[in-house]
Amino acid sequence: MHFALIAAVLTGLTAAAPASLAGTHVLHEKRNGLPVAWKHHSRADRSIVLPVRIGLKQRNLEHGNSFLEDVSDPDSPNFGQHWSAEKVANTFAPLKETSDKTIEWLVASGIGSDRLKHSVGRNWVEFTATVDEAEHLFDTEYHLYQHKESGGYRVACDQYGLPASVRKHVDFVMPTVQLDGLRPVSQTRPAALAPIPITGLTGLKNCSTLITIECLRAIYGIPVGQYNHSGNELGIAEWADYLYLPDLKTFFENFTSPKIPSNVTPEFISIDGGKPSNLTVAQAEEVVESALDFQTSYSIIWPQGIRLYQNGDSVNVDSVGTFNIFLDALDGSYCTYEGGDQPYIDPAYPDPNEGGYTGPLQCGGAPVSNVFSVSYGQIEGALPRFYQERQCHEWMKLALQGVSVIYASGDSGVANRYNSGYNNSCLDSEYSYVETYGARFSPSFPVNCPYITAVGATTLLNDSIFGGEQAVNDPDGLLSFYSGGGFSNIFERPSWQEAAVSNYLDKYSPNYTESVFNHSGRGFPDVSALGLNLATVWLGKTYGVGGTSASAPIFASIVTLLNEERLQQGKGPIGFLNPTIYKHPEMFNDVTVGSNPGCGTQGFPASPGWDPVTGMGTPKYEKMREVFCSLP
């Protein structure tokens, strides 16, 4: 159908664009190197039809940070006065001139107006074009790239340009330089571990072997949940993993106190063909991520419930998909926000693949939780800068509406990983994503975004619940991983973090030069929590599972409990956490032992105050309650 449409229009192409409209093309985006997970295959056939999307620049994004600080800084008189979705949409809508100038150029360049689709919010322009047309429009060459592990192909280019007169109106174009998708953060595979007896390890005597809810309550002062305000359900997003319900029942019966009824299940929210939790045992062999997320969270927040946001049909998900289909379902305007989903990064729906989801892309309609916990990530160096900036702006929009977004910081220290768990992929001097030979630290996305609260991982110091914590450091064990942390090469350090991070760089940071990490970048993680030996039932057996994938739901669950207490007082949810986190270090147990090696170095050391291994430290519930419940 697309070929027929293109053929019909090609017979009536207009003349080449006049110089006043086209002008000289200026480089807009360039990929400095090929991500290690991909290899060049061949030149793209010029007749291939591409779904082209042009993201248009929006207004007021430069003010987004000040807008957010106004409602999230604990010293602001407007703290907690979160924005409505309508106010957010109206504030950031693009200028009419931006859309008009872009369309004028396309039409003058031979893309007939009858081929163009414009979003309701006028945030993007979409059309289909052959590779030949796209190469002329964007002054580039398209190639086929093959994924080394899956064998799948993508059409992409190494760089592209836009006319100078148009470039100022355009944020990015897709498909162009993007290739990589997202993957689960957790490195831990229970199949490599020895199961632990399912009974006999509760209480406080065995916390060095297995972290249970009793251990968490003793270490962090977490109270037993009392409330379950409607609308305050914790949101947990999953992509590749599916929750195996029989394990949830077994966990409730053996590792919750007070015991959660065995028939309790999360509210299931299917996004773009997300499948319900009715797995067979064979299918459940790959679902440890969701088991860890839900079992840990339920034990903390009950009687409050959880919403399971199951994203994608598991068919049309290369590298298990991206965050954008999740954002689409939460906010319909995001489907058209600066280009919204991006072909060749984001899965397209309806899905033509066998067994795929045949409905339309979901735009809005999903309930929005006050707190989200996500244990998936991508690699900053493997994604286009504009793509990351656009999505970071969307997290800012959710924060303006009072949503706390909690992400695991990663399990590879200052390095990163690709494919099936390779754990020491770093960057070269050009910030390209390379394998073991890069010497530059490799930050993760989206924890590099300042509007995310990133959570690192700790473990017990001296195997005692009364002896403090240290950064996770298990290089020789089966769980070999390190707390992800570092500094973004894309996002600048936000004001609310400046004093804490500058203190670390001045007093404790190793003498790494700018060629190793960006000294002025956004530092992460922001906080941390236990991330080793968390009690998890998987396929009917108990394991001590670890990773920042364990730490993130612990912290998100604590924030959910704090929101319960604020709602009980007649107040609203906390919303964006980070300004308060950095202004109130007394809310955290300072972690000063450990480091996060990678890229041929020892990484960063933990230190007094904030550090890029454990952030501000681990939670002290009573102090957090004192601070957050005293705010308006």
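Yeah, the Cβs are placed from backbone N, Cα and C, and that goes for glycine too.
Annotated in TrEMBL:
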| type | residues | note |
| --- | --- | --- |
| ACT_SITE | GLU289 | active site, charge relay system |
| ACT_SITE | ASP293 | active site, charge relay system |
| ACT_SITE | SER549 | active site, charge relay system |
| BINDING | ASP590, VAL591, GLY609, ASP611 | Ca(2+) binding site |
| DOMAIN | 210-631 | domain 'Peptidase S53' |
| SIGNAL | 1-16 | signal peptide |
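Within 8 Å of the Cβ centroid of the Ca(2+) site, not counting the listed residues ASP590, VAL591, GLY609, ASP611, the chain contributes PHE588, THR592, ALA606, SER607, PRO608, TRP610, THR614, GLY615, MET616, GLY617.
Here the CA atom of SER549 (active site, charge relay system) lies 7 Å from the CA atom of GLU289 (active site, charge relay system). Residues belonging to the domain 'Peptidase S53' (210-631) score a mean pLDDT of 85 in the model. Within the same chain, residues at least 6 positions away in sequence whose Cβ sits under 8 Å from that of GLY609 (Ca(2+) binding site) are ALA500, ASN503, TYR504, PRO585, ASP590, MET616. A 10 Å radius around the C-alpha of ASP293 (active site, charge relay system) takes in these recorded positions out of SER549, VAL591, ASP611, in sequence order: SER549.
VAL591 (Ca(2+) binding site) sits 19 Å from SER549 (active site, charge relay system), taking the Cα positions as reference. In terms of local Cβ density within 10 Å, ASP611 ranks first among the recorded positions GLU289, ASP590, ASP611. Rounded to a whole number, the distance between the Cα atoms of ASP611 (Ca(2+) binding site) and SER549 (active site, charge relay system) is 19 Å.
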